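Colleague: I'd like to ask some things about the structure below.
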Amino acid sequence: MALSQSVPFSATELLLASAIFCLVFWVLKGLRPRVPKGLKSPPEPWGWPLLGHVLTLGKNPHLALSRMSQRYGDVLQIRIGSTPVLVLSRLDTIRQALVRQGDDFKGRPDLYTSTLITDGQSLTFSTDSGPVWAARRRLAQNALNTFSIASDPASSSSCYLEEHVSKEAKALISRLQELMAGPGHFDPYNQVVVSVANVIGAMCFGQHFPESSDEMLSLVKNTHEFVETASSGNPLDFFPILRYLPNPALQRFKAFNQRFLWFLQKTVQEHYQDFDKNSVRDITGALFKHSKKGPRASGNLIPQEKIVNLVNDIFGAGFDTVTTAISWSLMYLVTKPEIQRKIQKELDTVIGRERRPRLSDRPQLPYLEAFILETFRHSSFLPFTIPHSTTRDTTLNGFYIPKKCCVFVNQWQVNHDPELWEDPSEFRPERFLTADGTAINKPLSEKMMLFGMGKRRCIGEVLAKWEIFLFLAILLQQLEFSVPPGVKVDLTPIYGLTMKHARCEHVQARLRFSIN
């Protein structure tokens, strides 16, 4: 009698639960694709029924999957819910998949959160990877290059990007001086994001946004509402029931995407009212002109209604990635003043104090370039590429990978792989310099991974690197950044599509000298 009272379940209930467990197990096993003879499935750690490995991933999936790769290898499989996910680690394996077998791995999985971005029409996130997608990607790449890194015949600057960044960096220095004269401190992210958004706004629309534009400021200062939900491994993409439960983060994500799309639609429409095909001055204008060239049957031309989708991808990626990189750079500099002094010594020696840095100075500033590369590597603020998927049945390192398999590419693991990097947890820009310290060690720099690889490599990679370099060169030439004694700076990354550091509102900037 006492024993029966201590057991909360009856024998019948236990048998029923066991039967259900076995049924679920066999159903899930039956859903697994048949592996062709002579091949094998990737190794898979034990996971919970129905849940898979979602609990194992925790709050930092990039770290959890890096630990798994140490035990199970470069190619492993996990399950999030009932969905199999291939996880790729280590540089050689990732390069084999995304470059040498690029056509096999160029797809995107059909994820719920991706359908909420630009109404599911995003060039970056959509599942499309066919000829029309490839043609539009080339079009976006060409338009971006034309109004960023190409030369501007009407300007003394080397290119449009240099002109826009120089103007915005000068305005940012003035704004930081005003803040130092007032409150005496500032949050660098909130200040940098406005300047970076103005640069991409000038390239996309030929205009800078006024500081009084509350609409624009609200969007660019709240990108965390996007990156926290668009991250790899979000349970929303793998457990459909979660979409119908109260979820403040999902509601913020939906609202942000709707506001952002509406803002861009309105801006593009206003731009169209003034469009002159004989005077194309920005990316949107170039897309308008291309849309009017003739029939679209080949897929090489883009309908006007699709232009906003391309602009959304270019604008969105153009300010978040660059802002995050510059913000991380400033956080490293205030915690490592000796590195800041080395950069400023290099700037003083190469450029002096009579003019501002230019993009042409980049080869003569190897230590600054090494610092930027080390910031990319150490923070790995893009821990995963946007998820890939396989476009057909394929093999990788002897493992069978079925068509439409979701693929996570762990960039953080590559950037912290002890086989590639000596003391990977240490922040040391010198690792990227040649032995004599006069140039970048190019073979090593090419092992750092932040912008993806292959057919889905970020189209704005060159633009981002040039922009980050020029912003930092101009800022560090004229300003010295610090935090007051006793203020602790938290450099722990906060997981998301792009990982941010904890906000720091106590950064200070002292003017070294001014340039008219």
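Using N, Cα and C of the backbone, Cβ positions are placed for all residues, glycine too.
The model shown is predicted, which means the values in this text are computed figures rather than measured ones.
If you look up Swiss-Prot, you'll see Phe226 marked as substrate binding site. The feature heme binding site is assigned by Swiss-Prot to Cys458. Annotation comment: Swiss-Prot describes Ser69 as O-linked glycosylation site, evidence class similarity to another entry.
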Colleague: Within 10 Å of the Cβ of the residue listed as 'O-linked glycosylation site', how many other Cβ atoms can be counted across all chains shown?
Modeller: 20
Colleague: Among the binding-site residues listed here, Phe226, Cys458, whose Cβ has the fewest other Cβ atoms inside 10 Å?
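Modeller: Among the binding-site residues Phe226, Cys458, the sparsest Cβ neighbourhood within 10 Å belongs to Cys458.
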Colleague: What does the structure give for the C-alpha distance between Ser69 (O-linked glycosylation site) and Cys458 (heme binding site)? Integer Å is fine.
Modeller: 25
Colleague: To the nearest Å, how far is the Cα of Cys458 (heme binding site) from the Cα of the residue listed as 'substrate binding site'?
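Modeller: Cys458 (heme binding site) to the residue listed as 'substrate binding site', Cα-Cα distance: 18 Å.
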